[in-house]
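What TrEMBL says about this one:
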BINDING   C19, C22, C36, C39  Zn(2+) 1 binding site
BINDING   C87, C90, C115, C118  Zn(2+) 2 binding site
DOMAIN    83-123  domain 'TFIIS-type'
ZN_FING   19-39  zinc finger
Amino acid sequence: MGSKVEIKSSIHQSDFMFCEICGTMFSFDKRNYVHCPLCHSRKKIKEIAGKEIKYTVSEEQIRRELGLSSIEISGERTRSMDYNVRCPKCSNKGVYYHTQQTRSADEGQTMFYNCPNCGYNFTDNT
């Protein structure tokens, strides 16, 4: 009784570092072969030697990997508006803000404020 092996449709010819049978990444612990740790298929190293690997990483993937809620793009930081804070210079109610950890991890964040009315910048250590 022979077993039938289904090749995954998501495998592409450019995915030479992955097993054509199950899609698992090959291991390099054999001298002349790479092998699949899941289904134990193998391929000669000569078949993949000299091939180039390219990765495309999106901004969202970087943000998620670093655990960032916002990313600085082209020198501009994503800002939010706090309508409960008053500007100490012109008394305008409602200022832009962003937070940053500028002190040790066991201390609070620093709040950076910017008044949209007069442009005054001020901080508050929370």
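Positions of Cβ are set from backbone N, Cα and C atoms, glycine also.
It should be emphasised that the depicted structure is a prediction, and the values quoted were computed from it without experimental measurement.
Positions of the features from TrEMBL, shown on the structure.
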residue	record	Cβ contacts under 8 Å, 6 or more apart
C19	Zn(2+) 1 binding site	M25, F26, C36, L38, C39, S41
C87	Zn(2+) 2 binding site	K93, V95, Y113, C115, N117, C118, Y120, F122
C90	Zn(2+) 2 binding site	C115, N117, C118, Y120
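Counting Cβ atoms from all protein chains shown, C22 (Zn(2+) 1 binding site) has 17 others lying within 10 Å of its own Cβ. C115 (Zn(2+) 2 binding site) counts 21 other C-beta atoms within 10 Å of its own C-beta, drawing on all protein chains shown. Counting residue by residue with DSSP, the zinc finger (19-39) contains 0 helix, 5 strand, 16 coil.
A simple way to gauge crowding: the CB of C36 (Zn(2+) 1 binding site) has 19 other CB atoms within 10 angstroms, across all the protein chains here. In sequence order, P88, K89, S91, N92, V95, P116, N117, G119, Y120 are the residues of the same chain, not among C87, C90, C115, C118, whose CB sits within 8 A of the CB centroid for the Zn(2+) 2 site. Fewest Cβ neighbours within 10 Å among the binding-site residues C39, C118: this applies to C118.
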